[in-house]
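What TrEMBL says about this protein:
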- 1-34: region 'Disordered' (REGION)
- 19-32: compositional bias 'Basic and acidic residues' (COMPBIAS)
- 40-60: transmembrane segment (TRANSMEM)
- 99-133: coiled coil (COILED)
- 134-162: region 'Disordered' (REGION)
- 142-153: compositional bias 'Basic and acidic residues' (COMPBIAS)
- 169-203: coiled coil (COILED)
Amino acid sequence: MRNDARDELDDVPSLGMAGERDVESARHEPPRRSAAGTGILWSVIAALLISFGVLGWWSFQQIGLLNMRLVATQESFARISEDAAGRLQDISGKVVATESSVNSESEALKLRIKQLESQVLEIAQQQQALATEQKSLQGRQGNHDQRLQEQERGLSAGGERQQALDASLRSLQGEQKALQETLAQASRTLDEQARSLAAQKDNATALESLGKEVGALKARGNPAQAISRLEQDLLVLRSELENRPASAQGVDIAEFDAFRAQVTRNINTLQSQLANLQGQLNAR
């Protein structure tokens with residue numbers, strides 16, 4: 001399709017010879033040089049040379065500085081290498097010492113491990129012995145418990161026996177007290193009888209002496225007053241003898257002595273029984 005609006009023919013080249021001659025003349029025209037352009041060129045070259053010189057001088061200065069820095073760096077490296085060598089020697093010595101220490105510590109550790117193993121074996125043996133001893137103690141504890149139960153039963157029976165013994169002891173103490181009271185009463189009665197017998201003996205002696213005096217007076221004659229006085233004394237003594245009660249309602253001294261001996265034997269028997277009961281109580 002055609003597009004007439006865009007198809008313009010304003011720039012169509014010429015097809016004649018005149019155009020070719022213009023082009024060739026434009027190609028073979030020599031360049032034009034001016035004096036101003038040459039001065040500028042030389043000034044640029046001079047500036048470049050100066051710049052190169054300055055750059056060379058600056059480079060030389062920088063190279064010198066770099067050489068100085070390199071020397072200082074080499075010296076520093078030498079010092080550092082010497083220090084490093086010394087430190088390496090120190091480190092190697094420390095490493096050797098550490099290795100020896102580690103070896104000695106490892107040997108000591110091995111020895112300690114052996115000791116611990118032996119201790120563990122001893123502890124295991126002790127535990128086994130303790131287990132057996134515990135079993136034996138448990139057996140002994142069972143026997144001890146049985147013995148305690150038997151002792152408790154025996155103590156309960158002993159308590160009952162002790163109560164019975166206490167009752168017997170109290171009854172015996174009561175009997176002893178009664179016998180002691182009986183003995184005291186008998187002793188008082190014996191003393192009274194002894195005093196009565198002594199008085200009777202005195203009265204009998206007095207009667208005999210009075211009878212003798214009366215007989216003597218009758219033989220001598222008629223002492224009426226003395227005889228009457230003696231007869232009155234005799235009557236008084238007889239009345240005293242008749243009015244005095246009999247010795248313990250007919251109980252004589254021999255019977256009283258036998259009774260006292262029997263009471264004494266009973267008291268001694270009761271005292272021996274009390275002593276035996278007290279010994280049994282102390283033993284329990």
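For all residues, glycine too, the Cβ spot is worked out from N, Cα and C.
Please treat TrEMBL annotations as automatic predictions, because they have not gone through curation.
The residues of the compositional bias 'Basic and acidic residues' (142-153), classed with DSSP into helix (H, G, I), strand (E, B) and coil, number 12 helix, 0 strand, 0 coil. For the coiled coil (169-203), the model's pLDDT averages out at 74.
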